[in-house]
Amino acid sequence: MRSLKTTTILAGILAIAFSSSFAGETSKKSVPPVLKHKLKSLDGKDVDLSKYQDKVLLIVNTASKCGATPQYKDLQALHEKYKDQGLVVLGFPCNQFGAQEPGTALQISEFCTKNYGVTFDMFSKIDVNGENADDLYKYLTSKKANPKTAGPVKWNFEKFLINRDGEIAARFRTRVNPQSKEVTKAVEAELKKK
């Protein structure tokens, strides 16, 4: 009788453990707020940012006629060096700072490809500050999402490093080059976390 009770209890425990692990395998990880946005790619296609889930992201507002424009080359080098490890660079052209991104999507695309060989993902021109700011940037600059470095974007080529959990891991101002030790060290640290 005692062994029957023990067998029944063990069978119950195994059934619960099996069903819990099976349910865990099929349940989907929830999409973090930073990836709950849909934007247009530079070629006009809809892009759901949730496709970047579980990746490390470097989100950058870009411009073609800025003193920092050569950072495209450094962003491309960063992209090439770390893409196979899970880094995704996302470029968002913006004309809010000195009207330094006046071009059309086609002009921006041609400029980036011809001058810097850009192959990382580029999006349609957006605002990053003010009432017309894209919701992605409203989120990135909010105190809720970014309590340490919240606030408006100050200039072109500000960079937000997003970890695999969709949290802002770091924010780098314009003057910080994408290939600087500060950026590469932060990127490598996030890529090591799986």
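Quick reminder: no glycine exception, Cβ is built from N, Cα and C everywhere.
Marked as signal peptide by TrEMBL: 1-23.
Across the domain 'Thioredoxin' (28-192), the model assigns an average pLDDT of 97. What TrEMBL lists as domain 'Thioredoxin' is 28-192.
Annotation for Cys66 (active site): same-chain Cβ neighbours under 8 Å, separated by at least 6 residues, are Phe97, Gly98, Gln100, Glu101, Trp155, Asn156, Phe157. Classification of Cys66 (active site) by DSSP places it in coil, neither helical nor stranded. Marked as active site by TrEMBL: Cys66.
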